[in-house]
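Listed in TrEMBL:
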type     : residues                               : note
DOMAIN   : 9-336                                  : domain 'Cobalamin-independent methionine synthase MetE N-terminal'
BINDING  : LYS24, ASN128, ARG541, CYS542, TRP587  : 5-methyltetrahydropteroyltri-L-glutamate binding site
DOMAIN   : 452-774                                : domain 'Cobalamin-independent methionine synthase MetE C-terminal/archaeal'
BINDING  : ILE457, GLY458, SER459, ASP625         : L-homocysteine binding site
BINDING  : ILE457, GLY458, SER459, GLU510, ASP625 : L-methionine binding site
BINDING  : HIS667, CYS669, GLU691, CYS752         : Zn(2+) binding site
ACT_SITE : HIS720                                 : active site, proton donor
Amino acid sequence: MSTTDFPNATILGYPRIGPNRELKKAVESYWKGASTYAELNAAAEALQDRTIDRLVELGLSASDSSIPADFALYDQVLDTTAALGALPTRFADLAGTDGEVDTDAYFTLARGDKERQPLEMTKWFDTNYHYLVPEIGPTTTFRALADRLAGIVQRQSARGNTLRPVLVGPVTYLLLSKPEEGAPEGFDPLDRLDDAVAAYRGILAQLAAAGAEWVQFDEPGLVTERGSALVPLAEKAYAALAGDKEYDGVARPSLLVTTGYGTAGDIAAPGSGLAALAAAGVEAVHADLIRGEVPAAEQLAALGETRFVAGVVDGRNIWRNDLAASLRTLVSLEASVPGTISVATTTSLQHVPHDVALEQNLPEHLPGWLAFADQKVAEVLTLSKGLSAGSAAVEAEIAASDAAIEHRASFAGTRVESVRQRQAALTEQDFTRAPSAVRDEAQKARLGLPDLPTTTIGSFPQTGEVRKARAEFRAGKITADQYDEFLKAEIARVVELQEGLGLDVLVHGEPERNDMVQYFAENFDGFSETVNGWVQSYGSRCTRPSILWGDVTRPEAFTVPWTSYAQSLTAKPMKGMLTGPVTILAWSFVRNDQPLGETADQVALALRDEIADLEEAGTAIIQVDEPALRELLPLRAADQPAYLKWSVESFRLATSGVRTDTQIHTHLCYSEFGEVIAGIDGLAADVTSIEAARSKMEVAADLAEFGFGRGVGPGVYDIHSPRVPSVEEVESLIQTAVASVPVPQLWINPDCGLKTRAYEETVESLRNVVTATESARAALLADVTA
Ligand code: MET
Ligand SMILES: [Zn+2]
């Protein structure tokens, strides 16, 4: 086989965590010291073998590079950092004698050590997967250290498998990096592209020596807003990588460059986008035809000899593919450039669970609508077969796909008439409250809070006992009544604690929720939960997104009993606590048969019902969390206004039914929100608490600059670390906040919920927050009287 023959069917990557979360277990046990390095390695190799054997069983060929080798122990960007030996100066001591980053060093970068914070973690494009941000400076060394990857390739080759190693490509790698601390003003990691490319050449040589015939470079950076501007850089980088067919007498592996997660929109113009990569000599280019457009004939023609790998099976969602439609697309591509089309997923399958067959508890109607990773592999193969042998060859599969689509469309829960009518009848008024000033006055009169009111974000530490009681309840070992009693006792304890600390606005602590989205999914109709649908979120952490498959309704009030019970224990205001529509969508698998905005409005209406019941029960403050507001922001600026419109509207729809004197809070975290401040303003919440301690109050200045007019609680306690902030530290953060936010608008709270913390540090930290607030109030008073 010539090395330039790309397989007809492939996937860009596969879930790494293992069908039974084998990798998580192996890695966490190694971290705890409960297993040796040899045991970790054996578990990782067993999982690699299992993955490849499974993919072969599903029909991918073991011998033509159609199986990707992406077996990161923690994160694919960190793997690339390790392969480049690109250690930040602050971790320079971790390097081995030849600069290599061994497994312990790799984990130290990911998790930090006593003295050092780990590499920063950030969302991978617009997904809920987090990668570790490389830190690149003017003097970072780039080396070729692909031993681990080469070892995998060689070991599999001994087992008879020719794999396709995967790395983050140089342009995207540097785009996703941040300048290392101390780098000169204006330094851009992309300034180091030539040096990085030289190291990537070395890596390619090492992979070639190990027997790799194809290497995949992921370059989704090219689909971002900055992407078009990066095309000349990408062309230069890939000309340097692909220009020579041999490096030092060894044949270079052929190159596949992928561009998932968006539109490689400039495929069109010759000399730009994918065409530029083709011109640079890359043997295959991939595009995402679900997020992006299907290229026209002349666009494909501009790719010349280069193979076009069509991403037609969605790597990011769990719905069964419309095979007939996909095949039509493929056939039309093939017709314009015969013999140069391959079939693939839009992205790696790392964003979906392993296998629908592992789900035993889904409602009967659902499994047939779904495709997890293993089903998607089969879809890619079916489409490839249909493309080469004609649709008659896959008639049965197409019929099954058509039937599933038909069943889904006509199923009772897919369209609930009452929901549709309610949506159709919405008017501007349903999205609007009285003017802020009117609300402010009414709320101040009702609540009677001091200046700089203190509160927390909602959850209190989820202790071992809380988790144990939940597990026992789920396993039927304790009764519903016993579980209720347990939760009430927990709530009573948390209320008493907050009273003792002297906080002004209390919370019930959320002990009844294991997850802020799943809890809502469980209590709304239109959602289902998986048992084993784990997806890697970061490192060894996985989430189990719920599936939003139908029209959403709320059968009965479910947060009200907890909030009311908590309120009955105190004279201070007790916040009602809900998760907002955008966050519920962002952290679930969402139906793909209608625009997201429509689904968001349905969730908003269900929340609106709950909010009405909370208000009816006497709740004066209701918080609707939207930590994922920034996460779903489209990668291209042109698409952002439409997103901000529907997302902001859904929040307003959820929250605008309340009385003027009911105070609506929202909470945002996990991201830098500077870019979406106008959107946050549009939410029109009376009070917005927002993560700020970690970024040293930068957000307060952003808000001041924008002229944000309502209540703001920039976090003064970084809850991501067990560290207890001192009174002085909190005071200084409050002072910084006071400098940008007018005192009557300012609230004092932690960065986020306390769920992941222990009581030890939580109590001490909150005590310091209250003390610092009291001294800030005294200082303000002194200022006024002076
Ligand atoms: C990720 S935001 C979390 C908000 C939620 N109310 C909590 O306190 O846990
Ligand atoms: Zn939060």
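Backbone N, Cα and C atoms are what each Cβ position is placed from, and that goes for glycine too.
Caution: TrEMBL annotation is automatic and unverified by curators.
Quick caveat, the model's predicted, so the values are computed rather than measured.
Here the features listed in TrEMBL are painted onto the structure.
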residue: ILE457; record: L-homocysteine binding site; CB count, 10 Å: 28
residue: GLU510; record: L-methionine binding site; CB count, 10 Å: 24
residue: CYS542; record: 5-methyltetrahydropteroyltri-L-glutamate binding site; CB count, 10 Å: 17
residue: TRP587; record: 5-methyltetrahydropteroyltri-L-glutamate binding site; CB count, 10 Å: 23
residue: ASP625; record: L-homocysteine binding site; CB count, 10 Å: 25
residue: HIS667; record: Zn(2+) binding site; CB count, 10 Å: 27
residue: CYS669; record: Zn(2+) binding site; CB count, 10 Å: 24
residue: GLU691; record: Zn(2+) binding site; CB count, 10 Å: 24
residue: HIS720; record: active site, proton donor; CB count, 10 Å: 16
residue: CYS752; record: Zn(2+) binding site; CB count, 10 Å: 28
Nearest-integer angstrom distance between the alpha carbons (Cα) of LYS24 (5-methyltetrahydropteroyltri-L-glutamate binding site) and HIS720 (active site, proton donor): 21
Contacting binding-site residues, sequence order - LYS24, GLU510, CYS669 vs ligand 2, Cβ under 6 Å: CYS669
Cβ-centroid neighbourhood (8 Å) of the L-methionine site, ILE457, GLY458, SER459, GLU510, ASP625 excluded: THR456, VAL507, MET516, MET577, GLN623, HIS667, CYS752, GLY753, LYS755
Whole-number mean of pLDDT values that fall within the domain 'Cobalamin-independent methionine synthase MetE N-terminal' (9-336): 94
Annotated recorded positions CYS542, TRP587, GLU691, HIS720, filtered by Cβ under 6 Å to ligand 1: none
Candidate with sparsest Cβ neighbourhood (10 Å radius) among LYS24, ARG541, the listed binding-site residues: ARG541
Rounded Cα separation (Å) that holds between CYS752 (Zn(2+) binding site) and GLU510 (L-methionine binding site): 13
Three-state secondary structure, which DSSP defines for TRP587 (5-methyltetrahydropteroyltri-L-glutamate binding site): coil
Among ILE457, SER459, ARG541, which are recorded as binding-site residues, the nearest neighbour of HIS667 (Zn(2+) binding site) by Cα: ILE457
10 Å Cα neighbourhood of GLY458 (L-homocysteine binding site): matching binding-site residues from ASN128, GLU510, TRP587, CYS669, GLU691: GLU510
Residue pair CYS669 (Zn(2+) binding site), ASN128 (5-methyltetrahydropteroyltri-L-glutamate binding site) - Cα distance, angstrom, rounded: 14
For GLY458 (L-homocysteine binding site), the number of other Cβ atoms found within 10 Å of its own Cβ: 25
Greatest inter-residue Cα distance in Å for the L-homocysteine-binding set ILE457, GLY458, SER459, ASP625: 12
Binding-site residues clustered about GLU691 (Zn(2+) binding site) [Cα within 10 Å; pool: ASN128, SER459, GLU510, ARG541, TRP587, ASP625]: none
Set of same-chain residues at least 6 away whose C-beta sits under 8 angstroms from ASN128 (5-methyltetrahydropteroyltri-L-glutamate binding site): HIS351, VAL535, SER537, THR543, PRO545, ALA586, TRP587, ALA628, GLU631
Integer Cα-Cα distance in angstrom, CYS542 (5-methyltetrahydropteroyltri-L-glutamate binding site) to HIS720 (active site, proton donor): 18
Neighbourhood of SER459 (L-homocysteine binding site) by C-beta distance under 8 A, where only residues 6 or more apart in the same chain count: VAL507, GLY509, GLU510, ARG513, MET516, GLY753, LEU754, LYS755
Residue pair ASP625 (L-homocysteine binding site), the residue listed as 'active site, proton donor' - Cα distance, angstrom, rounded: 18
